[in-house]
Amino acid sequence: MPAPFEKGSEKKGATLFKTRCLQCHTVEEGGPHKVGPNLHGIMGRKSGQAVGYSYTDANKKKGVEWSEQTMSDYLENPKKYIPGTKMAFGGLKKPKDRNDLVTYLASATK
């Protein structure tokens, strides 16, 4: 079972985003979709709902509402959490890294 989310370091999360996520995602309002969707406004949104992005049926049907905890659970092992997702990222195994990244995402995607 994934570790409970605990607020982490936004600064360390920003660094993780730049090194592990930026090649496929943007976070700013109106930012473009890349290989993965723009993440602006993701917290509180259901999976597979970013307008203009072509999701797999698995992402659309999962129906998870993104929160700090669900995002942390997903980022531990995306392909296990949503079998059939096209997200190629293998996941962040360390709870601290997930906490830092999710803390950054919660702030940067508002």
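Just so it is clear, glycine is given a Cβ too, placed from its N, Cα and C backbone atoms.
The heme c binding site annotation in Swiss-Prot covers Cys21, Cys24, His25, Met87 and rests on sequence analysis. In the three-state DSSP assignment, the secondary structure recorded for His25 (heme c binding site) is coil. Sequence-distant neighbours of His25 (heme c binding site) (same chain, 6+ residues apart, CB-CB distance under 8 A): Phe17, Lys34, Gly36, Pro37, Asn38, Leu39.
Per Swiss-Prot, N6,N6,N6-trimethyllysine is recorded for Lys79. According to DSSP, Lys79 (N6,N6,N6-trimethyllysine) sits within a helical segment.
Counted within 10 Å of its Cβ, the other Cβ atoms near Cys21 (heme c binding site) come to 19, all protein chains included.
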